[in-house]
Amino acid sequence: MKIAILPGDGIGPEIIAQAERVLEVLRRDGLKIETEHAPLGGAAYDQYGVPYPEATQKLAREADAVLLGAVGGPAYDKLDRPLRPERGLLAIRKDLNLFANLRPAILYPELANASTLKPEVVAGLDIMIVRELTGDIYFGQPRGIAVNELGEREAYNTMRYSESEVRRIAHVAFGIAMKRNRKLCSVDKANVLETTEFWKEIMIEVAKEYPQVELSHMYVDNAAMQLVRNPKQFDVMVTGNIFGDILSDEASMLTGSIGMLPSASLDQNNKGLYEPSHGSAPDIAGQNLANPLATILSAAMMLRYSFGQEAAARRVEDAVKKVLAQGYRTADIYEAGCEKVSCSGMGDAVVAAM
C-alpha cells in the first residue's frame with residue numbers, strides 16, 4: 001500500500017503529522033504501508049513555482065492512494081489564477097480522474113451541543129453527500145472574462161455534463177445507498193437549468209438498475225433549506241459539482257465542527273485522494289491548535305475505500321469515538337467540563353486509544 005502524503009499549506013503539515021502517527025501504529029501491527037511526501041498547492045509554488053509540480057504528479061500517479069492536508073492561504077491570493085494553490089487541487093483531481101467526492105456528515109453523540117441546531121434536530125445525524133467532481137460549471141468551456149460587442153466587460157462560465165459523467169456518479173451513489181439505508185436523494189435545479197433536467201432524467205434511468213433503492217428528487221434551494229430544517233430525512237444525497245460544493249459545506253456545519261469531517265475523492269477503480277473537509281486555516285497555522293480528527297478519519301476512509309481494510313478503518317474510527325467519549329477536545333469543539341488538548345495532544349490520545 002503506497003501512500004502519497006501531501007501536507008500542503010497552513011495547518012496541513014500539523015494535521016497530516018497526526019494522521020501519519022495513526023498509520024504508523026497500523027504499520028507496526030503488520031499493515032504493509034509505505035509513505036512518501038511531496039508538496040502541493042502553495043508549498044509547491046514556493047518550491048517549484050507551480051502548484052502541482054512534476055515530482056508530485058509522478059508520485060500521485062504511482063501511489064495507490066493520496067492523503068492530503070489542506071491547500072491555500074491569503075499569501076497566494078494575488079497570484080495569477082493558474083498558479084494559485086487551489087488550482088493544484090483541481091489539477092490533481094483531474095490528473096487522477098477523480099470524479100466521485102464522498103463527504104460524510106456525522107454527528108458524534110458527544111458533540112451534540114457543538115451544533116448550532118437544537119440537539120434533537122441533529123441527534124443521530126449520518127448523511128453521505130456524493131458530489132460529482134470533474135464536470136459542471138467549474139470545468140465547462142467556454143469560460144472567461146472578455147469585452148463584448150458593446151465594448152462592455154462581461155464574464156461567463158458554462159454549465160455542462162455529458163451522459164457518461166452523470167451515469168458513473170449515479171452508479172457510485174446508488175452503490176453507496178445499497179450499503180446504507182437504501183435511500184437516495186438526487187439534488188438538481190431541473191425547473192430552471194437544462195443541465196440538471198438532463199441529470200434528473202439519467203438518475204431516473206439508472207434507478208431502474210437498483211429497484212431496492214428509493215430515489216427522490218429535490219431542488220437545490222429546497223435541499224439547502226431542508227438540511228437545516230430536518231436533516232435526518234436524508235441518508236445519501238447525490239448532486240453535481242457546484243451544488244455539491246455548497247451543500248457539503250452546509251451539511252458539515254450541522255455537525256458543529258468542520259474539523260471533524262473527512263472526505264474521499266475516488267476514480268473508477270477506488271484509487272482515491274483523501275483530505276479533511278476544512279481548509280488550511282492560516283490564522284492558526286503553526287500554533288498546534290488545529291483539530292486533526294478530520295484528517296485521521298480521512299485516513300480511515302482511505303483504508304476502507306482504496307485498500308479494502310475494513311477492520312483497520314474501524315479501529316481508527318473507534319479510537320476517535322473513544323477519545324471523544326473520554327472528553328478530549330481541540331479548541332474548535334471544546335466545551336466546559338472537557339479537557340482541551342492541542343493538535344499533537346489529540347494525536348497522542350488517538351494513538352493511545354488504538
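Start at 1 and count along the chain as shown; that gives each residue its number.
For all residues, glycine too, the Cβ spot is worked out from N, Cα and C.
For A285 (NAD(+) binding site), applying a Cβ distance below 8 Å and a minimum sequence separation of six or more within one chain yields D9, G10, I11, E14, G73. What Swiss-Prot lists as NAD(+) binding site is 73-86, 279-291.
Around R131 (substrate binding site), the same-chain residues six or more apart in sequence whose CB sits under 8 Å from its CB are A100, N101, R103, V238, T239, G240, N241, F243, G244, D245, L247, S248, listed in sequence order. Classification of R131 (substrate binding site) by DSSP places it within a strand. Look at Swiss-Prot and you will find R93, R103, R131, D221 tagged as substrate binding site, backed by sequence analysis.
Within 10 Å of the C-beta atom of Y138 (site 'Important for catalysis') sit 15 other C-beta atoms, taking all shown protein chains into account. What Swiss-Prot lists as site 'Important for catalysis' is Y138 (among others).
Taken residue by residue with DSSP, K189 (site 'Important for catalysis') is part of neither helix nor strand, so it is coil. The feature site 'Important for catalysis' is assigned by Swiss-Prot to K189 (among others).
Under DSSP, D245 (Mg(2+) binding site) is assigned to a helix (H, G or I) in the three-state scheme. Annotation source Swiss-Prot lists Mg(2+) binding site at D221, D245, D249, citing sequence analysis.
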Request  = Go through G73, P85, the listed binding-site residues, and name the one with the sparsest Cβ surroundings, counting other Cβ atoms within 10 Å.
outcome  = G73
Query = When the Cα-Cα distance from D221 (substrate binding site) is computed for each of the recorded positions K189, D249, A281, which gives the smallest value?
reply = K189
Note = Out of the binding-site residues R81, R103, the residue with the smallest number of other Cβ atoms within 10 Å is R81
Remark   = For the binding-site residues listed (D221, D249), most other Cβ atoms within 10 Å of the Cβ sits at D249
Task = Return the residues near A281 (NAD(+) binding site), defined as same-chain residues 6+ apart in sequence whose C-beta is under 8 angstroms from its C-beta, sorted by sequence, else 'none'.
result = G10, I11, A70, A290
